[in-house]
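One structure is given here, and the rest of the page talks about it.
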Amino acid sequence: MKSITKIFLILGLFAFLLVAFAPSSSVATVNLESDGYTEAEAKLIEEKGEKFTFQTEVNKLMNIIINSLYSKKEIFLRELISNASDALDKIRFLALTNADLLGEGEQSNLDIHIKIDKANNVLHITDRGVGMTKDELVRNLGTIAQSGTKEFIKKVSDSAESSNLIGQFGVGFYSLFLVADSVVVTSKSNDDDQYVWTSDSQSSYTIAKDPKGNTLGRGTRISLHIKDDSKEFLDQEVIKQLVKKYSQFINFPIYLYVSEEVEIPKEEQEDSKPITDDQVEETTTTTEEGEEETTTEEEGQTEEKKTKTVYKWEELNDSKPLWMKAAKDVTKEEYTEFFRSLSKTQDTPITYSHFKTEGDTEFRSILYIPENPPSNMFDLEAAGSGLKLFVRRVFITDNLKELVPNWLRFLVGVIDSDDLPLNVSREMLQQNKILDAIKKKVILVKFISMIKELSEDEDKTKYNEFFKKFGSSMKLGAIEDQANKKRLTKYLLFPSSKEELTTFAGYVERMKEGQDQIYFITGKSKDSVEASPLIEQAIKKGYEVLFLVDPIDEYLVPQLDKFDDKYKFTNLARSGVKFNEDKEEEDQRKQTAEEFKPLLSYLKKTLSDKLEKVVISKVLADSPSILVSNSWGVTANQERIMKAQAHQANAQPQFNSKKIMEINPSHPLIKKLLNRLNEFGEEDETTKVSAHVLYETSALTAGYSIDNPTNFADFIYKLMMINGDSLAQTNFETTKNENSGPSVSFGDDDENQQQDFQQPPQSTHDEL
């Protein structure tokens with residue numbers, strides 16, 4: 001919000017603030033002698049130069065630009081190189097119709113040179129571009145928000161060449177005052193003499209004819225007098241890194257004047273003197289020529305080395321923008337190497353897409369699906385992403401929250417647009433239809449195209465491996481992106497009772513005749529759900545069951561409703577599951593429910609604080625009972641996930657919704673429990689203990705946690721003793737627990753208890 005307010009403030013000021021140029025005796029304080037001018041030449045510029053004073057309002061606007069508009073000081077270099085690139089593009093375009101404009105020899109080389117003068121704290125940036133006349137210096141540099149590039153684009157708006165021009169606002173130049181307290185701009189146009197423009201950003205600027213004459217031939221040199229707190233930008237390694245970060249794909253070569261220490265060959269060394277025997281330590285001295293002389297002694301031998309500092313122009317952007325080439329001209333090895341340079345790994349991408357879009361907006365892009373997910377894939381607060389945005393080959397940002405959905409943060413690649421408008425600082429993207437087009441037409445469409453191609457390959461290994469690593473992200477996409485939910489859902493994979501991995505479409509193809517539901521179960525792992533009693537009847541009847549074992553699956557399925565608008569998703573962990581039954585099976589179920597009605601009522605009454613109801617199960621085949629949730633309740637897997645999230649958030653949510661118990665009337669244990677209830681009635685202690693044990697074990701097998709493990713253990717102990725001896729011959733004490741029913745505490749006669757367990761008499765009760 002602050003950034004938006006800032007932009008509107010600046011744009012508002014642009015709307016009504018104009019620079020008025022009034023002659024003034026005030027002169028910008030600039031040390032011209034540190035730029036190579038003699039004292040006399042500097043004095044001549046001061047005396048003969050035309051001096052202008054910024055109006056008060058414009059001076060305030062300058063302060064806003066310098067202190068508020070840009071968030072990073074390093075941006076200045078990107079802006080100045082971009083301006084230099086614009087100037088080179090202009091002269092190249094003009095030379096298409098008049099080749100003489102380029103000149104001859106070195107002057108015809110279109111390039112950018114950067115030179116560091118540490119002695120004077122000056123950074124020079126020189127281009128052989130179109131240059132500026134005196135009037136253009138006043139108009140382009142003396143007037144804020146008056147961009148020469150913008151005006152030039154108007155002149156050549158009918159030509160495609162203009163799309164290479166970077167500048168869109170006239171404030172990028174002033175970013176130099178982030179690191180410099182004053183600046184000297186020397187410029188030579190083919191249409192005028194060479195002029196010098198100087199300013200300290202505080203009050204005024206001066207324009208004068210250069211007393212040195214035409215030293216540039218053509219082009220512009222910007223000399224920044226670096227502030228004391230910004231001297232890191234006089235370090236050649238820092239400059240190299242910034243050029244590589246922001247401008248390595250500029251169309252024109254960028255050279256830096258670098259220094260390095262080299263060893264002087266022995267045959268070129270002069271005045272070599274052997275060291276004496278008493279010199280046993282290494283010594284280093286500097287020669288008058290700036291050479292270093294290193295001498296050592298080893299086993300009485302004399303070894304002498306000399307080094308010297310040499311200077312040379314080093315090209316910093318020899319990497320060409322791969323995405324600007326036609327896909328047919330790029331080798332697989334080049335794609336792989338480019339991916340590695342972007343991802344900073346030695347991995348090989350799973351697949352990639354190199355494309356160009358045309359129409360209302362034009363984009364060039366290379367998108368990669370990486371071999372491995374980034375470590376911060378689900379860290380929504382992490383800065384940056386694997387995708388980098390360029391505008392006319394200039395790096396803008398990798399913070400692309402406006403363009404890249406959270407679930408696609410793993411993508412690696414570049415997007416370059418000639419049409420994308422930026423705000424005045426080029427750091428924040430304006431919300432508009434072009435951004436929306438990039439998001440929908442470039443990123444989403446191409447990603448879906450890539451996974452479609454992978455999934456349709458006869459060898460499913462590559463797609464299956466991709467999905468194991470990035471499937472959770474795709475599921476998140478199906479949840480968040482309603483517009484593309486159906487398209488993404490087609491490519492989701494799940495393990496099942498019949499396949500290692502299957503799509504929903506594959507499941508539907510294998511459906512039984514008359515089946516109109518997709519049966520699934522959620523859980524912690526494939527092994528755990530394969531062993532769940534909830535799938536017994538489905539498997540027995542020949543139905544395939546999907547195993548949804550990714551935590552995000554719990555949130556995905558409710559968003560899907562139906563697959564292909566036809567097949568409903570049915571969670572076997574919820575009540576109301578239905579299988580196709582004939583009339584005979586339905587009648588048998590009704591008869592069974594009537595037969596077991598006493599037990600159903602008894603269990604509901606005894607466990608009323610825990611159960612919503614007790615019903616005859618349709619999902620069990622081999623197990624005696626199970627707990628399920630109702631249609632709106634919390635399943636066992638949901639409870640597990642929610643508890644884990646609550647633990648991370650240091651909170652304790654309540655999971656007190658009542659469950660539904662389903663019993664299997666064909667299981668011997670359930671039959672015996674019904675018989676005992678009918679024989680001994682509801683007050684029988686063994687029946688009560690059995691009911692509680694049945695509930696707790698049903699909860700465990702369903703995946704729910706036990707509220708009170710101690711009480712559960714007491715029930716187990718008591719049941720063991722009931723089966724081992726009669727209640728009358730066993731010394732224990734029964735206590736009531738108002739929440740969990742009866743529990744058992746043993747007496748103090750341990751010896752008698754041990755004897756009873758060693759030689760138990762015949763029980764008079766039915767063993768459960």
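Including glycine, each Cβ sits where the backbone N, Cα and C put it.
Feature list (source: Swiss-Prot):
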BINDING   Asn83, Asp127, Asn140, Phe173  ATP binding site
COMPBIAS  266-276  compositional bias 'Basic and acidic residues'
COMPBIAS  288-301  compositional bias 'Acidic residues'
COMPBIAS  733-743  compositional bias 'Polar residues'
CARBOHYD  Asn83  N-linked glycosylation site
CARBOHYD  Asn317  N-linked glycosylation site
CARBOHYD  Asn423  N-linked glycosylation site
REGION    266-308  region 'Disordered'
REGION    733-768  region 'Disordered'
MOTIF     765-768  motif 'Prevents secretion from ER'
SIGNAL    1-28  signal peptide
SITE      Arg426  site 'Important for ATP hydrolysis'
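Structure with Swiss-Prot features highlighted.
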residue	record	contacts (Cβ under 8 Å, 6+ apart)
Asp127	ATP binding site	Ala84, Ser85, Ala87, Leu88, Asp111, Ile112, His113, Gly219, Thr220, Phe252
Phe173	ATP binding site	Glu79, Leu80, Asn83, Asn140, Leu141
Asn317	N-linked glycosylation site	Val243, Lys244, Ser247, Gln248, Phe249, Ile250, Pro253, Ile254
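Around the Cβ of Asn140 (ATP binding site), the number of neighbouring Cβ atoms within 10 Å comes to 23. In the three-state DSSP reading, Asp127 (ATP binding site) counts as strand.
DSSP assigns Asn317 (N-linked glycosylation site) to coil in the three-state reduction, outside any helix or strand.
Spread of the ATP binding residues is 17 Å (greatest Cα-Cα distance among Asn83, Asp127, Asn140, Phe173).
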